[in-house]
Amino acid sequence: MATSEPGAALAPHTTMRVGGPADTLVTATTSAEVIDAVRSADDAGTPLLLLSGGSNLVIADQGFRGTVVRIMTKGVDVTPTPDGEAVEVTVAAGEVWDDVVARAVAEGWSGIEALSGIPGLAGATPVQNVGAYGQEVAQTIVRVLAWDRHEGREVDFDNAACDFTYRHSVFKQTGRYVVLEVTFRLGLGGLSAPVAYADLARELGVEQGERVPLAAARDAVLVQRGNRGMVLDETDHDTWSCGSFFTNPILTTGEMDALVERAGARLGADGPVPPVFPAGEGRAKTSAAWLIDKAGFGKGHHMPGPAALSTKHTLAITNRGTATAADVAALAREVRDGVREAFGVTLVNEPVFVGHEL
């Protein structure tokens, strides 16, 4: 049965550990309870916030004036495909994502092993098309079941209807849809998908494109993430964060040329050049971490106050123990504005700001 708690603290339910209380926190343990809570808030005209692990939220210090629905649904159903080459795994939105990945690896299901160690719940993964180390969930999702708040009914989305792009989907565009469950098609055989990320290939001692045992791939990813402070650890303030705070910029050819020119002017003709990765349709992706570092914001950089860049990775903004949401936002603005001044590129925040803006 769903529980309702007035004035509940929200900071303990987020990985950044900032933010004030909710007017009401509803904890829902079944899809029916999620739908009832959402419909009740909508019928009353009450602002609504969905809490799906809290790994991608920066909630304002004044909290949230409305209803917060904490999604804690459980359940994993597995169906072999007719060709016997894969399984379709339907996961309730409230399942812990890394538990899903760990089970997939243990069962010999491939396709999400490089997404090990990512905090949050399964229902959040399609919203921002979660990805890391050359994999993203768009590669394996075949179906998303969601509640349509506008039409008041459940809606099935196939992969194409999800409109997946880099860290984006139809579910992120508006607050219209509430993800209830996600179905993944995962291969069988015990070997990983081809290793697509250079650092991961080096960690594994293989060439890019090779396959390795699933457990080896997961272990290597966890080592890589741990080295960057990207595996949650209550005793390590480098992990009190939302993970990567800014997305890697995707630029037109002209914008990339301008970036290279500005980098040369700033760093010297023989200095380092921005990384460039193909992004399709005459566009290219570069590294937000590189831009942050070369704009002068090194590991551990901080303003007055207990928010700082991670001591392990410049792309993460962290809470050193007593930071407020205002501290986090101020540091994020300093970094964003400094990168824009240095290189003419405006970084876009990956976490969602609730009750305040960057």
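Cβ atoms here come from the backbone N, Cα and C positions, even for glycine.
TrEMBL entries are annotated by machine, without manual review.
The feature domain 'FAD-binding PCMH-type' is assigned by TrEMBL to 18-189. Feature annotation from TrEMBL assigns active site to Arg167, Glu350. Sequence annotations record features per position, and here TrEMBL assigns active site, proton donor to Ser244.
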Predicted model, mean pLDDT over the domain 'FAD-binding PCMH-type' (18-189): 97
Ser244 (active site, proton donor) and Arg167 (active site), distance between Cα atoms, whole Å: 11
Nearest-integer angstrom distance between the alpha carbons (Cα) of Ser244 (active site, proton donor) and Glu350 (active site): 7
Cβ-Cβ distance under 8 Å to Glu350 (active site), same chain, at least six residues away: Asn56, Gln128, Arg167, Cys242, Gly243, Ser244, Phe245, Phe246, Thr247
